[in-house]
Amino acid sequence: MTVERIFDELGHFNRFQACLYFAAVFQAIACGIHYLASVFLVETPNFVSSVPGNITDVLYGNLTGSSLEDFMPVFKSKTGPLVVRTAEGEQWELSRCRCTLRIDPKDFTYDFDGNKTVKTCDGNFVYDHSEVYQSIVTDWDLVCEKEWLAKLCQPTFMLGVLIGALVFGDIADRVGRVRILMFTSLCQFGFGVTVAFSGNYYFFVVVRFLLAMVSSGYLVVVFVYVTEFTGIKVRTWTSMHVHAAFAVGIMVVALTGYLVRVWWIYQIILSICTSPFLLFCWKFPETPFYLMAKGHYKEAQTLLDTIARFNGLECRLKAEELLEPEDRENGRALLEQEAEEQPSQTEKKLSIVDLFGSWRMAGRTCTVWAIWFIGSLGYYVFSLGSVNLGGNQYINLFLAGAVEVPSYLVGCFAMDRIGRKKTCAPALLLAGVACMLIIVVPADIEALAIALCMTGKFAIAIAFGLIYLYTCELYPTIIRSLAVGSGSMMCRVGSVVAPFCVYLADVWIYLPQLIVGILAFVIGVLTMLLPETLGKPLTTTLEEAEALGRKKKDGMEMNLHGAKA
């Protein structure tokens, strides 16, 4: 098929496509919001174990007072305990997860050399509310022996993202892109608000898991949707700037977290930020690529007429003209009969196995999946490693979102001028080199280490941003959503693995950078073996996708024979 002719006739990014694009991308902000919302939902403020009875006096080093809350902003568990005296005359040494009762103290002093009785915390804690007034940690006391429950929230969310990417990517290839966009956007709003009214931890985790599935589903399908509605001339920019919307979501989280310190109000505000999208998403049309691939030629013709009318053009393009010559007779007959039958190829039920239909396609899929994986793993390792920069946490998160914008701009310019492959491979190689340099930089030169960390994150963001578009262009229409969905699944595997990779710093402080550096460098080299897609039309059939790689290989063989001659 030559469906790309639509954009030559009706515009690559005219009024119709622009309205659809900005509306669809607006909802992508919600994906960035929900992915990062847990940063403040499960934030653990400074805390200390409390004791029964009324506390009358408190000592902390040379500081004295009568209330534990007054000491929480300055309390550091590594520097020593808080010493308190109750109304009953008991003296306790309080730390985060332990209470120590002094036996027969003579005076109320900070230092004590007598006998002590250690008792585990009984579930009573005092929290520092200067930064976080209320989070799920303070509401449900997810500290000490329950600390693992708080740490489980984000991996559980990412597991939902992983499953949602695969499930909704597959379903979108079967039932259409628009139905999935409508369903997932509605569920994002519903589940997002429901999270705010969670009465207990387990209900909270389950609803967040469902929210992760639909958020991932929307993000996967919206990339395919905007790609199939924009022409080659602008496809790079429209695809990459979906990531910019995700980055805006991160900045919204930082701003909302700074202004609202109560977790359930914070969650409600975040969930309604993009609710206006629900008012018009039901008007979204199906993409012309999907309609033609499924044999819905009458609907495709109606869409072409609508696009032309909205863009102020005369539609001289007929749906049957988008078919190859050998398919036109069948297409004309279907139009005359207003039939809904699909071509024999689309009747075949496609699955993830079709991504490995040949050795060439299997090699392509493995390399693409590896790029998705290292993109996510590297992004989160760089991000989590940068939290030690200090300063205001809200500003840091805001900047973490803002720093992605220039990387996408640079990526767009490079992709359109030197190609997708020649942008992705050097970006991965640069990220690998940055990781290795971080290892050899002396620990006392913090500024240089920070600069290298930002360089690595900048490079990874470029590769991570373009892989969505590159995947869309490497695969045909009938398995495009499945390819993006499965790739996004590998991306989420990387995001789940990333925290465990960061924990390896306890073994050796530079072990996470070593792992990411080696993987990024190796995958960068493998990326050079992929075919270039710059300036080539989107493929519709598996045969066309195979030819994309075969032509490149044949050209290389011809050059090789010529060189030998």
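Glycine is no exception: its Cβ is also placed from the backbone N, Cα and C atoms.
TrEMBL has this to say about the protein:
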type     : residues : note
TRANSMEM : 20-42    : transmembrane segment
DOMAIN   : 99-535   : domain 'Major facilitator superfamily (MFS) profile'
TRANSMEM : 148-168  : transmembrane segment
TRANSMEM : 180-197  : transmembrane segment
TRANSMEM : 203-226  : transmembrane segment
TRANSMEM : 238-258  : transmembrane segment
TRANSMEM : 264-282  : transmembrane segment
TRANSMEM : 366-382  : transmembrane segment
TRANSMEM : 394-415  : transmembrane segment
TRANSMEM : 427-443  : transmembrane segment
TRANSMEM : 449-470  : transmembrane segment
TRANSMEM : 482-505  : transmembrane segment
TRANSMEM : 511-530  : transmembrane segment
Mind checking which residues of the chain, 6+ beyond the ends of the transmembrane segment (366-382), have their Cβ under 8 Å from one of its Cβ atoms?
-> 424, 428, 431, 453, 456-457, 460-461, 463-464, 467, 470-471, 474, 483, 486-488, 490-495, 497-499, 501-502, 512-513, 516, 519-520, 523, 526-527, 529-530
Most CB pairs under 8 Å with the transmembrane segment (180-197): which of 148-168, 264-282, 394-415, 449-470, 511-530?
-> 264-282
Of the stretches 20-42, 148-168, 264-282, 427-443, 449-470, which racks up the most C-beta pairs under 8 Å with the transmembrane segment (482-505)?
-> 148-168
Stretch-averaged pLDDT - the domain 'Major facilitator superfamily (MFS) profile' (99-535) = 81
Using a Cβ cut-off of under 8 Å, list the residues of the same chain at least 6 residues beyond the transmembrane segment (511-530) that approach it.
-> 363-364, 367-368, 370-371, 374, 377-378, 381-382, 385, 421, 424-429, 431-436, 438-439, 456, 460, 470, 474, 501-502, 504-505
